[in-house]
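Per TrEMBL, these features apply:
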type    : residues                               : note
BINDING : Lys111, Gln187, Gly219, Asp250, Lys393 : UTP binding site
BINDING : His220                                 : substrate binding site
Amino acid sequence: MAEFQEKQRLQHETSMHKELEKLLTTAKGAEQEISRKDFDGFKNLFHRFLQAEGPSVKWDKIHKPPEDLIHPYDKIKAQGLPDSVATSLNKLVVVKLNGGLGTSMGCKGPKSVISVRNENTFLDLTVHQIERTTLKKRYQNIQYEPEYIPTFNIIYDKIWEPNSNEDTKKILQKYTHHRVHIHTFNQSRYPRINKESLLPVAKDLGMHGDQADAWYPPGHGDIYASFYNSGLLDQLIDAGKEYIFVSNIDNLGATVDLFILNHLMTQPKDKRCEFIMEVTDKTRADVKGGTLIQYDDKLRLLEIAQVPKAHVDEFKSVTKFKIFNTNNLWISLAAIKRLHEQNAMDMEIIVNPKTLDGGLNVIQLETAVGAAIKAFDNALGVNVPRSRFLPVKTSSDLLLVMSNLYSLDAGSLTMSKKREFPSTPHVKLGSSFTKVHDFLTRFESIPDMLELDHLTVSGDVTFGKNVSLKGTVIIIANHGDRIDIPAGAVLENKIVSGNLRILDH
């Protein structure tokens, strides 16, 4: 049986390689060379996919990470900062993962161009965060002479869909005269695989018509290969850069933190840290988030997809697995180069099944950037405050960051001092609010939410100006009904039903 399975694997791999070579003949020049590099990475992933047998982790080998490998942020901050951090800053590069298109929020372009606050997009806020004014305001004890102000390079990881590229180019033109150098590079383009034949769906390398559905970007774990293939990695190393700070562009809490940077740069030479993952305490809203574990004497990221069904409830427990990955990562450039050239960037494969419009079942093989932590030397976790994890994935998240719960200072959002509790309200908006355009038309102004604990809205609901929401508020418009919350209304611990009766909660 084993011999038969090995022959079958070889046959699948040989057939795949032949099809990929055929696809390459449909392109010329630079496009062919770029696609060849992409296909080299895809072949490696496909080979590992065929070799996989059983679960990627054995549950009885999972242990909580040792305390000396998860450093509390408070202790790092208590160490203070040296007189000059400019040297460390000049060795840092900021990488923002643009992720995908904002299709989940009804947008046609890349997510980074969505207006989040005061007409500022995600990218606007990122640039404002990084410019020197942000640093001077956040760290009052540090004084920079103008000639010593560090210049950052933002590498902006974008996907290759045409509507992403064009929108990205337009928005980047705004920053020509800023003190921020912005470079861009594309994610790899991998072929979707027919689930039955295990062969590419694509007929050529074009992106026209049905062919657009034949390709996919292989997750943010692809950053290592695409970064290397772009030539930017070598360029930055030659310029004296040592580390990248990687985060999702929709995480508005992911700012450059000088205390973490200083901690990274001051590790003993014989224990030089190559990878820091920021983690934060898990709440019941984060039970599906990946967590750090100790496995075979190495730190490792454990995602819910890797967990055997019998242990899923245990994985979701906030008592056993108390932290989760924010995807704010600090990574050594030299280590990325070394591991990529040694083909040692061992990341678990995420098999993502999809059904195309015509009904064809396909699979796409993906990886996650944080999963590479086990390949780096002297990796650490840093347990950071919740304020460093402020993602905007849905319109419910967008309502929170647009509200008076947060104040905006040079691109950084901080919880308002007027809120008595540091916790964020739980907000759940229904499907009528999913698309950003629909969301904006349903609010004449964003409600006062300083005293809100929980908000659920379902059905056809609109809000007038200067509405105030406090405590627990549940608004449910039945099918065919509409609820218009009048201007100036104050709802405190109320349930508003389809016929606009207001009841005490």
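Note: Cβ is positioned from N, Cα and C throughout, glycine not excepted.
Any TrEMBL annotation is an automated prediction that lacks curation.
Listed binding-site residues: His220, Lys393. The one with the lowest count of other Cβ atoms within 10 Å of its Cβ is Lys393. The distance from the Cα of Lys393 (UTP binding site) to the Cα of His220 (substrate binding site) comes to 16 Å.
Around Asp250 (UTP binding site), a 10 Å sphere centred on its CB holds 24 further CB atoms from the protein chains shown. Gln187 (UTP binding site) sits 8 Å from His220 (substrate binding site), counting Cα to Cα. In this structure the alpha carbons, written CA, of His220 (substrate binding site) and Asp250 (UTP binding site) are 14 Å apart.
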